[in-house]
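Take a look at the following structure, please.
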Amino acid sequence: MDLSLSSSFSTISHSLSLSKTLLLFKSQNLRPFSNFPNPSYEFRVSSRKPLDWRQNHPIRAQNTNQTDVDGFIFEDVPHLTTFLPDLPSYPNPLQKSQAYAIVKQTFVSPEDVVAQKIVVQKDSPRGVHFRRAGPQEKVYFKSEEVRACIVTCGGLCPGINTVIREIVCGLNYMYDVNDVLGIEGGYRGFYSKNTMQLTPKIVNDIHKRGGTILQTSRGGHDTHKIVDNIEDRGINQVYIIGGDGTQKGAAAIYKEVEKRGLQVAVAGIPKTIDNDIAVIDKSFGFDTAVEEAQRAINAAHVEVESVENGVGIVKLMGRYSGFIAMYATLASRDVDCCLIPESPFYLEGEGGLFEFVEQRLKENGHMVIVLAEGAGQEYVAQSMHAVDEKDASGNRLLLDVGLWFTQEIKDHFTKVRKMAINLKYIDPTYMIRAIPSNASDNVYCTLLAHSAVHGAMAGYTGFTVGPVNSRHAYIPIAHVTETQNTVKLTDRMWARLLASTNQPSFLRYNEVIKERVDRETTDVINNMKITSI
């Protein structure tokens, strides 16, 4: 996760959210649906001119005061015709593509939407829906007039090069676009670095390498300088790869482009190895990270199994979200305890971690602990009297919980319990970040890149792409930056982990920790009886 912008962009996100609420009824002078007893409705449709679908299929929205309506909410994304109403459209070149000649339905229907929530009750509202991603019958750019650019921001993640490759090849092979620039060095590269020309030949094998061929950086966002550079270079499609802070920057660029009335499509591709971006099913690189984490866990297990009273500690990524640690633990089945930021723990006393470690050592003679980097930060800060600091992206600088935790266990068992243990600490975080993406992520990155290309060519802007319930959709940027995706302790997946490791919840006895977790969550976990996985 990266935060390339300060909190000042929250107002921009808010304004984007407001732009979604233009009433379709108002724009078409339609009367409210007869089954709405109260006219205080909540609509979330963008302010661009209505498409044929909106003209022929009025969208119902949730009546916030009533429960007897279907509650259909459409979260559409902006379009260039919002501020350029006379923009001409052209037939999609895919109509003549050999690759798509045998496809039953080449183009996505404008009526297709993707539901954010697919498990609903009979009488419950239908909820939020997004525009389905894919090629559209009409495009708003001539192929020979497109000048696209790609920029990567924030930390490294498996799959970045694959996304770059597929954007370049997708533009070239599907839309015959030959002018694609790579912005080097993140956002500041727009105004302080050179660019490189990207062709299918140049990017042909970059998916086999980790990192990013464009280089990256944190911070450096200056909206006016960036848009000035976009305008000066004649760029009309901008593809931005980065986390939630980077996506906030993309939203700011879109708003400035709209303000200046430029025909520039801004598309975001969400990137975070922690899988903490909201709305979408998962972020690219996550599967690769979980798979690679197995190597570290397996190594730790071999080490501790080969000695007496072996304790292996593996630190994995997870600043605020423990998804990598949780899924790696579930996949491994060799882990005895998983500690994540969302689930507080305590060391000493009845039901504490020290007690559990000693119990597991007596039972098995060894144990493996997986630790997310954001877990237990309050304990480390207290012991080190640390001052809260932030990096260039605005991220809180984390203290090394792995080294602290290792020392705490060593001191407890050697000095307090007078018990000899063999401690092995493994930190593979930078190794995992730097590897190429696996087969699953390569396919996923291809779908993300192609969805972004189709959306930009179709004139959509200010959007990000991603799978929602396994269907790729165009999502308003503000929707994915409002909140972070975190592990829900009351969901079945965390229950499956507790059943797999048979570890305590660490929430039963510590009143201080209980204050950090809402009462409902604490009660549910304390009373949880897991019977199946």
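Please read every residue number as a count from 1 along the shown chain.
Just so you know, glycine gets a Cβ as well, placed from its N, Cα and C.
According to TrEMBL, the domain 'Phosphofructokinase' annotation covers 148-454. If you look up TrEMBL, you'll see G155, R218, G219, G243, D244, G245, T246 marked as ATP binding site. The annotation Mg(2+) binding site is assigned in TrEMBL to D244. Residues annotated as site 'Important for substrate specificity' in TrEMBL: G245. Under the heading substrate binding site, TrEMBL lists T272, I273, D274, M317, G318, R319, E373, Y430, M431, I432, R433. The feature active site, proton acceptor is assigned by TrEMBL to D274.
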Checking your reading of the structure: which of the binding-site residues T272, D274, E373, R433 lie inside a 10 Å Cα sphere centred on D244 (ATP binding site)?
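Final answer, ordered: T272.
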So what's the average pLDDT for the domain 'Phosphofructokinase' (148-454)?
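The average pLDDT of the model in the domain 'Phosphofructokinase' (148-454) works out to 93.
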R218, R433: which of these binding-site residues has the highest Cβ count within 10 Å of its own Cβ?
R218
Just checking the binding-site residues T272, D274, G318, M431: which sit within 10 A of G219 (ATP binding site), CA to CA?
none
To the nearest whole angstrom, what is the C-alpha distance linking R218 (ATP binding site) and T272 (substrate binding site)?
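With the alpha carbons as reference points, the distance is 13 Å.
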With G245 (ATP binding site) as the reference Cα, tell me which of the binding-site residues T272, G318, E373, M431, R433 is the closest one.
T272
Long-range neighbours only, meaning 6 or more apart in sequence with Cβ under 8 Å: which ones does G318 (substrate binding site) have?
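Counting only residues 6 or more apart in sequence, the Cβ neighbours of G318 (substrate binding site) under 8 Å are D274, I324, A325, I340, P341, A372, E373, G374, A375.
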Roughly how many Å lie between the Cα atoms of G243 (ATP binding site) and R433 (substrate binding site), rounded to a whole value?
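G243 (ATP binding site) to R433 (substrate binding site), Cα-Cα distance: 14 Å.
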Across all protein chains in the structure, which of the binding-site residues G155, G245 has the highest Cβ count within 10 Å?
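Neighbour-count leader: G245.
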Are any of T272, M431, R433 (the binding-site residues) within 10 Å of G155 (ATP binding site) when you go C-alpha to C-alpha, and if so which?
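Hits: T272, R433.
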